[in-house]
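The structure appears below as structure tokens.
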Amino acid sequence: EEIRPQFEAKYSKKERMNPISGKPEPYQAFADKCSRLIVSASGIFFMICVVIAAVFGIVIYRVVTVSTFAAFKWALIRNNSQVATTGTAVCINFCIIMLLNVLYEKVALFLTNLEQPRTESEWENSFTLKMFLFQFVNLNSSTFYIAFFLGRFTGHPGAYLRLINRWRLEECHPSGCLIDLCMQMGIIMVLKQTWNNFMELGYPLIQNWWTRRKLRQQYGTQKKTTFPQWEKDYNLQPMNAYGLFDEYLEMILQFGFTTIFVAAFPLAPLLALLNNIIEIRLDAYKFVTQWRRPLASRAKDIGIWYGILEGIGILSVITNAFVIAVTSDFIPRLVYAYKYGPCAGQGEAGQRCMVGYVNASLSVFLVSDFENRSEPTSNGSEFSGSPLKYCRYRDYRDSPHSPVPYGYTLQFWHVLAARLAFIIVFEHLVFCIKHLISYLIPDLPKDLRDRMRREKYLIQEMMYEAELERLQKERKERKKNRKSYHNEWP
């Protein structure tokens, strides 16, 4: 592969012999390469920290807004404060995602040029990896927060954790965190795909309309109709400098968004399928009627995208294992059915075995132990006729009269151990099935692999025969020269 002109101009003063071609070529010192990689990695880390800071800002917004909506005058918003907070937070998060995407492309381009890659393929791989990391973290950071951190560190009644000692940290919806996760994924996925389709087709349409308008003003309507076809094609929008990079990136991000949390949002593959059906037709129309004809270039494979797909596949298996084990109620229900329910010790689980599960998943809290700032506005006498002394909340904690009030019960540790065991078994089982399928369905068919080996064998045989023929010819010439040399003597 040829060296990039930028690399050759930068390091033309220092050359080294290429061990393969045997020709001198520009050489980048190891210390210079390491220093540039360190600066580039620092830039990537800084931009990821910016994304995390944006997510933290969204968390603060959710914490402040949920309390504001809960005290709202309108009953509709007050009764649905959790849903309203999640919906507005997702829309704000989507706006931040789209704004940061514009910045990421410039930062990735700057950091890639700073590294001074040697060849074009190295430059493309470096730029692709940076853009993917930026976009992936930007798109999925808030989703990871909702799936694995939301409601996990709020404390318990009487000892809530608060932000700036004022706002209580947000908890999940009473039905579980999966509702918040589904809403987050559904809104972002629909909005992002709609925005991408508009930018891919709407933006070229507007640009071409503006170009045609300027041509009509400059040449008139009659002159425009006499333009040759090549000039009409030239007036279309040029293809971007990165070729099909944006198309690849869109599909890879969609693949990650579809597979990583598919256990929490099973509708994602259907939305992706519908989007891709529309996307194929929009791309066909865009390439044929709105863009100039792209320059064709040969490619051996899809490059670093294959490794990124492999990484997303591994991450999706681990993430779905955590979603099933930690975010959903699948494991607590199994533990109750086999260990604490009516069927405990019988080795079976059915509908009747779940009787009493809700009661077992709730802990008891003494109302008098409430903090001053968390005291309820009513003592509950309007419901039961007398002031309520106890209330219930979702957790596995001891009663307030136990030796260790509000400490974790044995059922909590059983559920935690079952969750960890499920994660390990699930991911190992899926990976084993994956490798088994990869072994049973090879990348290359057997007949194609045999033809490639046959071709390689023929090439080696031809090279051997050509080298043997060359050596025999040289041997004959040496014998002939030696004979003519001896004949010159008397």
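Cβ coordinates come from backbone N, Cα and C, glycine included.
Please treat TrEMBL annotations as automatic predictions, because they have not gone through curation.
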**Request:** For the transmembrane segment entry in TrEMBL, name the matching range from 83-104, 171-192.
**Result:** 83-104
**Message:** Labelled transmembrane segment by TrEMBL, one stretch among 132-151, 412-431. Can you tell me which?
**Reply:** 132-151
**Request:** Residue list, the transmembrane segment (252-274) vs rest of chain: Cβ under 8 Å, 6 or more residues beyond ends.
**Result:** 132, 135-136, 139-140, 143, 147, 178, 181-182, 185-186, 188-190, 193, 305, 308-309, 312-313, 315-316, 319-320, 323-324, 327-328
**Model confidence over the coiled coil (454-488) (mean pLDDT, whole number)** = 83
